[in-house]
Amino acid sequence: MWPRLANFPRARDWPPAERRSQSARWEGPESPPGRAPAGIQVGGWRGTASGLAGRAGTRSAAGQPRSRASMRGDRAARRLALPSLPPPPLLLLLLLLPRAGALHPEELFPYGQSRGDQLLQEGDDESSTPVKLASPLRFYEAQFGYLYVGTNGIISTQDFPRETQYVDDDFPTDFPAIAPFLADIDTSRGRGQVLYREDTSLAVLGLAARYVRAGFPRTAAHFTPTHAFLATWEQVGAYEEASSRVPPSGELNTFQAVLASDESDTYALFLYPANGLQFFGTRPKESYNVQLDLPARVGFCRGEVDDLKREGPYFSLTSTEQSVKNLYQQSNLGVPGVWAFHIGSTSPLDNIRPATLGGDLTKARPSPPLEQSFGPTAAPESDYTEDNLDYYDENEGEVEYPPSEPEDTWKGHSSIEVSFQPKAESRPLGGGISLPDSDPASPLPQLTASDRPLSPETESATLEPQTKEGRAPGGVDAPDLNGAVESSEQQGNRSPASSEIEGDSPGLTWGAPPPHAAGPSLPSEEDVPPAHPEGKAVLNYPVLAHTPPLGLGRQVLGVEDVIGSSTEVFTYNAANKETCEHHHGQCSRHAFCTDYATGFCCHCQSRFYGNGKHCLPEGAPHRVNGKVSGHLLVGHTPVQFTDVDLHAYIVGNDGRAYTAISHIPQPAAQALLPLIPIGGLFGWLFALQKPGWENGFSFTGASFTHEMEVTFYPGEERVRITQTAEGLDPENYLSIKTDIQGQLPYIPANFTVHIAPYKEIYHYSDSAVTSTSSRDYSLTSGAINQTRSYRIYQNITYEACRHAPRHLAIPATQQLNVDRVFTLYTDEERVLRFAVTNQIGPVEGDSDPVLVNPCYDGRHTCDVRAQCHPGAGLDYTCECASGYQGDGRSCVDVNECATGFHRCGPNSVCINLLGSYRCECRSGYEFADDGHTCTLISPPPNPCEDGSHSCAPAGQARCISHGGSTFSCACLPGYTGNGHQCTDVDECSENRCHPSATCYNTPGSFSCQCNPGYHGDGFQCTPEPTQRPRTVCERWRENLLEHYGGTPRDDQYVPQCDDLGHFMPLQCHGKSDFCWCVDKDGREVQGTRSQPGTTPACIPTVAPPTVRPVPRPDVTPPSVGTFLLYAQGQQIGHLPLNGTRLQKDMAKTLLSLHGSIVVGIDYDCRERMVYWTDVAGRTISRASLEPGAEPETIINSGLISPEGLAIDHFRRTMYWTDSGLDKIERARLDGSERQVLFHTDLVNPRAIAVDPIRGNLYWTDWNREAPKIETSSLEGENRRILVNKDIGLPNGLTFDPFSKLLCWADAGTKKLECTLPDGTGRRVIQNNLNYPFSIVSYTDHFYHTDWRRDGVISVNRDSGQFTDEYLPEQRSHLYGITAVYPYCPAGRK
C-alpha cells in the first residue's frame, strides 16, 4: 500500500520565507518544528480556498447547517492571525477533498413496496420470516442462504433472541450480526416502517458496484455483484414508555443497509442521509427511571465462539454519542453518510475491512490522556480504516500506532492500541517532488450524475489491524520530504485533474533536510526516467538515504517505501533468548551459528553466500523452479491461467538471469512481454556484486515476498504481481510462486518489445527493500515503432536476524544496473522468455564509465561455474565453485560419491548432484543425529510381549506398552490396585444392584438378581403383579375355548370378561348380531334379546374399582434430593430438581472461584465430591459437598486448555480433554498415575463421557473440517470413530446408564441426538436447539446449558419437547453441567 495522504504540510513545516499571504488558510499548532513522535503521524492541514473547506454540508443533530467557524470557536479565530501561507497545489487540494455535501434522502438506494420490498410487522421487537436468498452470501468465512431483519436496526443470518439479550449490551453479540444502527427501536403505532428485499436489478447492482469500487479501488476494482440485499429503516422511532402526559417524541431516524455479493465476496454499505439521524441512542428498558442513554451500536459480529477464552471476532464503529452523530457527517469512501465494508470472502478474512477513504468518527471527541489505550471498540474509531485520511484534525494531536502484542492477534476482533501525543515536535526529512502538468483520465469508473458523484479515486498507506499472518506490523514512521513546490503563480493557469496523482502515491511533506541524512547521495529526479508519454508527467519520489530505528523491537520504514498490505516486519523477542545450542538446526549446512546478547544468528561459511539459513556456493550457477497463476484483463479480454511452469537459470559470476514461463495463453503472453521485472527479481537476487555491495539473496535467503504494482501509460492499466519464495528444494533449487492480477494493455501478436538498459535504486531497511522506477519500452512491427511506458513500485519483505550487529551496516540504497535486456514469446514453443544481466553497487550518476576490474562488470572469461577473484588493475584469477573442479576457465562437476569426498556413512547411499550431493539411508535404516550416519531401525523390546513385565497375572491386569522398554500396568475391570498388584473389587459393598435385588460377587465381576416378587435385570427391579383366583366368567371362557378346539366359529358363543374377570354386560353369539344383556353372574336378563341390526342397551351391574396409581415398569421414580451443578465462569451453581422439574426458586451459588473459568464439571457419587476443569488457571480441582469443605487443586501442570471432564466412580479414575494440547488423559481421582491416552488425530477435543459398567470412553472433537465422536476402551484400546456424518459442532456429550444411550448436543446442526454405544439406532430427539454447550441426562429428561439463552434448558427424552428453562440472575455463559444423585446410579450391562 502507499503512504497516507494525510501527511501533507502543516503551517509549522513551511520555512518562514515561504509563508506568503494566499487565499488558503492553514491551521496547525503554533509549536516550533522539532522531532515528531515515532509512528504514523495523523495530523494535517485544512484549507478553505475557493470555498473548498471540507465538510460544507455538515449539519447539527437537529439537521441545521453549522459553519466551520462556529465549530472551531476562538481557537480558529486565533489561527487567523497566523502568517498566511501559500496554498498547496490545486491538484493536491482536489485529491484530498471529499464530496462536500451530505447524502440526501432521495439518494438512498430505491426502496418501497412498489419496488418489491417486504414490510416488517410493526412493533417493538419484531423479526422477519427467514428470507431465502437466491444466491448465498458470505459473512466472515462462512456462507449463508437465509437472512433475518429485525426492528432494532439489525440483520442476522439466524433468528434473533429476545431483545433484552442483546439490545442493551455492547458488542459482541452471541449471534451473527450486521448492525447499521443497533438500538431499542419501536415501530408501533405507525412510527415508521422497516422494508427489505433481495434485488438483482442492474440499477441497484451497478450503484452498489460503484460505491464498492470507489471504497476499495485496489482490492475490488473489478467487483461485479450478482445479488444485493437491501434493508431500509424509514422514519423509525426509539422505544418510549406509553404515557398519557408526555406525547411521543418527534425524533425519527432513517438509514439503510445494502449487502452486495458475488460468488466470492460480500460488501456492506451503510447509508445515513442528512437529517436522517435525530436520536443517537436509546435507554435500557430496565433502567428507564435512570437518565441513561446507550449510544447506538454500529458494526459487525461473527457470533459463534469456539474458543472458550475469547469472544468471537467483531468490528465496532461507534462507542460514544458523538461517534454516532458523525455517521451522516463523515464517510470512509468520500461521500458523507456512506460507509463501506468488506464483510465476507472465500479468501481468509480475519475481520471486517473498512473502505480506504474518508474521515474518522471520533474526531469530535476530546483528546484522551497521553498514552491512553483504547480497547477493541474504540480502536476502529480512532483509526479503523486500512487507509484513513484525516482531513479534519480537531484533536490537534498526532496518533501513534505501536506494534500489536502477540496476544492481540488472536482476539479475533479489530484491536489497535492507539495513543495520542501532542504535536510538540516534528522531524522534517529531505526530498523533493516534481509536479505533473497534464490531465490524464481517471482509470476508475465514476458514478453518473443520476447516481451520485463520488470523490476521485485515492488510496493511501495501509495499516491493517492484522496482517496476513495474523500479527500487526511494526510502527511505521511517516517522514517528510523536503523540496520546493511551485506556487500557483509559477504553475500558470493549469487545472490538473485529481487523477494525475495516483491514489497509491507516497505522501508529500515539506521541511528542512535532517541532520542525520548522511551517506551516499541520492539521485536527482532526472536520474530516474519518467514513465510518461509525450506531454504527460508523473511524480517522482526520492527516498531517504537512511531511516533511523524507531526503538527496540520496532522496524522503521519510510512510508514512501511501503507498498504492500503484507509489508511485514519480523522481530525477535529478547525475553526468550534462543541459543545455537538448541536452534543451530535452523542454519544451512553451509553456515555456522553465532550467539549474541539477545539471540543467535546464522552466517554462511567461506565460499558461500546467503542469509545463513539459506546458503549457496559463490560463483556457481543457480536454478529456480516455480508456478505462475494469473487473472488478467488484456484490453477487453479476460484471461485466466493456473500453475503454469516457471524455470530460471542464473549465471552467478556475471549476473546473467534467464527466465522461461510456459503455456501462458494468448493474448496474455504477448501482453506480458514488457514486464521484465517478473524475471528481473532473479537478476536482483543473484546480481554480480561490486566490492562492498551485496545482492538480494545475501539479505533475503530463499524465503521472502516480492510485491510489485505496475501502472501502464497512457491507458493507466494496472497490474499487481506477487512472488513468494518458499525455500530451497533438496537440489538447492529456489522454489517460487508467482501470482499476477489486474489489467494489461493489448499488444498485437506481430509486435516485438524492446527495452533499453536501465538502472533501479533499491532502498534497504532491516526486513524490507523497496524501489520505485519508471521504464520506457518500444513496440515494433515492420516500420511501426511506438514508445510506451510504465511505472513500477516494488516491495520485498523478508526475515532478518536482528541479533548480530551486521544489520546496522546495511546500505540505505543500492543501485542495480541492468544490461542486455531481452524479452520474447514464440507461439511454436508457447514459452515467454526474459533475459537480463545485472550488477549491484553504489548509487551512481550518468557520468562516463570508469574502467573496472572484469570481475565486477562480468567481462571476465571464467567458467560459469567459477568464481572470479580480482587482482591488481585489470588482473584476475578464476576458481571453480565449491562442488566443481578445473582451472577456473573450465569447470566440471565433482562426483563426490565416486571420489569418496562425501560424508555419507555406512548403510547409506550417496547421490551425486551438480555441485553437491546428498545422502539417503538404505531401507531399514534411519539417520543418526549427525545427519550422515545411518543406523539400523530395530524394533524396541516389548516387555508386554516377552513377559519381562511386572504386572499382575493376566486375568487381573493388562500390560500396556509405551514403546521401547517402557510399559504400564492397569488392573482389569472388577479389580483395583496399581496394576502390579490387583485385588478383587467387592461390587456388592458398593450397592450397585437395585435395592430390591441380591448382589453376588465373583472374581473380577458381580451379578444382580431381583428378589422374589420382582422382575428385572437386577440393576432395575419392579414388583410383579399379584395373582388373583380366576372368576366364573374366566373359567367358563377357558372351558368353552378348550371345547371349541381353541378357535371358535363366528356363530359360537364365548363369554366376554372384563379386565377384572367380571361378565361384560353385553354378550353376543360370536360375530353375529344376536346379543343380549346379562347380570353380574352371567345370567341373561329377560326381554333383552335383540333383533339383527340393533344392539340392546345394557346397564353395568358391577361398580368400577377405585383407581390407584401404580408405578410403570419402564419408569424409575426420581430420588429425593437430586440436583444439577452447572459451571458459570467463576462460580459453580446449584439447581435442585423436584422430580424432573427445575426448582428455580431454590437455585443458589455452590462455589465462588474468583479468577477461574470453570468449563468441565462432574461428580463422584461415592465420596460426594465435585470435580472441575479451569481453563484460566489451567488446573483440575475438586471440593467436597460437605459443609465447610475447601477446594483442592489436584492437577496444576501440563495443561493448557482442559475442557471436558468425566469421573469413573467404579475405578476411581477421571478422564479429561485438553483442546490446547490436543490430548485425552486420565489419572486417579487424587491426580496420581496420570497417563496420556491419545495425542494424535485430535484437533478440538471437547466433551467426554464414560460408561463404567461396559468399560467404554466417548469423546467429541469439533474439528470444523471433520467433526466426529469417538470411542475406545477405558485403557485407550480399540479406538474408533462412532459418528462423523451430519454433525457440526458437537459440544455436549452424555451417556445414560439406564437407557444405554449415548447422546450429544450439537451447536452446529442445532440438534440433540442419541445412538446406541455401537453407533446404531441413531435418532433425533430435538432439532431446534439454540447454542448448546454441555448436556446431562436424568431419568427421562435431558438438561443442557445454552449460550444463546445463558441458562439451563430441559428437554423430554420421549417427546423431544422443551419442558422448562432456568435463567440465572447473573447473565453470562454457562459451561459444563452434571447431575448429583443421593446414591451411585446403577446401569445395565
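Every residue, even glycine, has its Cβ placed from backbone N, Cα and C.
Candidates considered were CYS1068, CYS1077; the recorded disulfide partner of CYS1075 in TrEMBL is CYS1068.
The Cβ of CYS1068 (disulfide bond) lies under 8 Å from the Cβ of TYR1053, GLN1056, PHE1074, CYS1075, TRP1076, each of which sits 6+ residues away along the same chain.
Secondary structure of the repeat 'LDL-receptor class B' (1212-1254) per DSSP (helix as H, G, I; strand as E, B; remaining residues coil): 0 helix, 23 strand, 20 coil.
Counting same-chain residues at least six beyond the ends of the repeat 'LDL-receptor class B' (1212-1254), those with a Cβ under 8 angstroms from any Cβ of the stretch are 306, 968, 976, 978, 1160, 1162, 1164, 1166-1167, 1169, 1171, 1173, 1180, 1182, 1194-1195, 1198-1206, 1260-1266, 1272, 1274-1276, 1279, 1290-1295, 1297, 1302, 1304, 1317, 1334, 1387-1389.
Across the domain 'Thyroglobulin type-1' (1030-1098), DSSP assigns 12 helix, 12 strand, 45 coil. Panel annotation: around the repeat 'LDL-receptor class B' (1168-1211), residues 308-309, 973, 976, 985, 987, 990, 1125, 1127, 1132, 1150-1151, 1153, 1155-1162, 1217-1221, 1227, 1229-1231, 1234, 1245-1250, 1252-1253, 1257, 1259-1260, 1274, 1293, 1376, 1378, 1380, 1384 of the same chain, lying at least six beyond its termini, place a Cβ under 8 Å from a Cβ of the stretch.
When Cβ atoms from all protein chains are considered, those within 10 Å of CYS1075 (disulfide bond) total 18, not counting its own. Tertiary neighbourhood of the repeat 'LDL-receptor class B' (1255-1299): same-chain residues 304, 306, 958, 960, 970, 973, 1020, 1116, 1204, 1206, 1208, 1211, 1213, 1215, 1217, 1224, 1226, 1237-1238, 1242-1249, 1305-1309, 1315, 1317-1319, 1322, 1332-1337, 1339, 1342, 1344-1345, 1357, 1385-1388, selected by CB-CB distance under 8 Å and a gap of 6+ residues from either end. For the repeat 'LDL-receptor class B' (1168-1211), the DSSP-based tally of helix, strand and coil residues reads 0 helix, 23 strand, 21 coil.
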